[in-house]
Amino acid sequence: MALILFESGDMMAEVLTLSVFSFVLIFCIANKISVFIALFAGLILFAIYALCQKFSLREVMVMMLAGVKEARIILIVFTLIGMLTALWRAGGTVPFIIYYTVSAIDPRFFILFSFLLCSLVSFLTGTAFGTVSTMGIICMMTGKALGIQDFYLGGAILSGVFFGDRCSPMSSSALLVSELTGTNINRNVANMMKTAIIPFIFAVIFYAAKGSFDGSSKITAEKLSFLAQTFNLTPVVLLPAAVILLFTMMRFNIKVTILCSIITSVLVCIFCQKVSGYELIRYMLMGYRSVNPGLGQLINGGGIISMFNTMLIIVISSSYFGIFRKTNLLNKIKRWSFALAQCSTDFAAVLVVSVITVALSCNQTLATMLTYEITEGMFKDREKLAVFLANSVIVISALIPWSIASVFPLTTIGAPRSSIFYAVYLYALPLWSLFVSYVDCQRFKSLKNLIKALKV
């Protein structure tokens, strides 16, 4: 009896903790309060929960530090990305691409072009972060030069970079799903591509229509002549972009890839743009700032400082899963998910669990592992589970504003958080899968009723 009461009280504590955190998140988002407030409040809540579970304050601090320690590689990458994006601007890489592409591109189709290009590159490289650090930056800078609103363009880029992150044979996300479910990655990719056809077509139509009515005006290379006056636009300035794209396709370590591009950019800045050592350091720390106001509107940005907010979110959110791992805070969600699957569909249960795990863990990899652990008991068909994970948690990760999968791409390209609303492919995929699962469920129920009728 005492054990039952203890378990009941334990469950109430978990429900209360998660409910309060959810309320704080919704309140902050609805009232446009900084997400840092909500995340910090969540950290305090989870720490209090751990203390109530008889962990000492020292043990709770160790949990938090262990979580942050696991995110140190991401923090290093963000620092390097901040330096790289500033050097690409200062070295003329971004100005070169803008100057020679805007005169050849119709702004009405550039949003669609960005989505398709980012989808292609992410499929070839298998990495969302690598794609957004190359094609994403280029598309955003060029789009700004064309006068396209950044939240539309940011949504298209976000959709594109996660197309390949989900279904490329070289994607670490696809590999993680196949490893967790014990399935063949090539069969998984084929199944993922089939389920993506309708959502992808919908996204293409949406971005084509959005571009047609955007009202952007054509900008010629002549109107951007100040770029040629400010920078030495020799083809050599493309080397930093070529290095990172080539190394990414060759599956080099992401830190090595970015570092090599940084070194190349430094050499380009010194020898092509005559940038001094002091200016290089200032750009890498504070970002590129042009003295020309017109030029500044197009290419100002980058630097380690531009990544500060992102890294702060990572530090706070990473400390969460240190607590989750030791306290088993999310265990009771498994019971709820099974009940939900029985009264709706199995994909609906996976989808709801995905939203919860991403919102709490703020990390695509951890959320995928948690979602699998919570829902795997529902499925005998492992390939079905693999596709469901790919159609839910992998893409949902990019739709939660405080998730690393969302914060990193948007910060890298300098897009506002509202871009999430225009990442239509990332919405269309789980919604289409939900519709299909509902239709399949109704067919199954009809078949069962028919069999019962025939037996009678």
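Using N, Cα and C of the backbone, Cβ positions are placed for all residues, glycine too.
Here is what TrEMBL records for this protein:
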type: TRANSMEM; residues: 20-52; note: transmembrane segment
type: TRANSMEM; residues: 73-98; note: transmembrane segment
type: TRANSMEM; residues: 110-139; note: transmembrane segment
type: DOMAIN; residues: 160-429; note: domain 'Na+/H+ antiporter NhaC-like C-terminal'
type: TRANSMEM; residues: 191-209; note: transmembrane segment
type: TRANSMEM; residues: 230-250; note: transmembrane segment
type: TRANSMEM; residues: 256-277; note: transmembrane segment
type: TRANSMEM; residues: 298-324; note: transmembrane segment
type: TRANSMEM; residues: 385-408; note: transmembrane segment
type: TRANSMEM; residues: 420-439; note: transmembrane segment
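Note on the transmembrane segment (20-52): residues 13-14, 59-60, 63-64, 309, 312-313, 316-317, 319-320, 323-324, 326-327, 329, 359-360, 362, 401-402 of its chain, located 6 or more positions outside it, place their CB under 8 angstroms from a CB of the stretch. The highest tally of CB pairs under 8 A with the transmembrane segment (73-98), across 191-209, 298-324, 385-408, is held by 298-324. Only pairs six or more apart in sequence are counted, and the transmembrane segment (110-139) with the transmembrane segment (298-324) gives fewer than three Cβ pairs under 8 Å, not enough to call it a contact.
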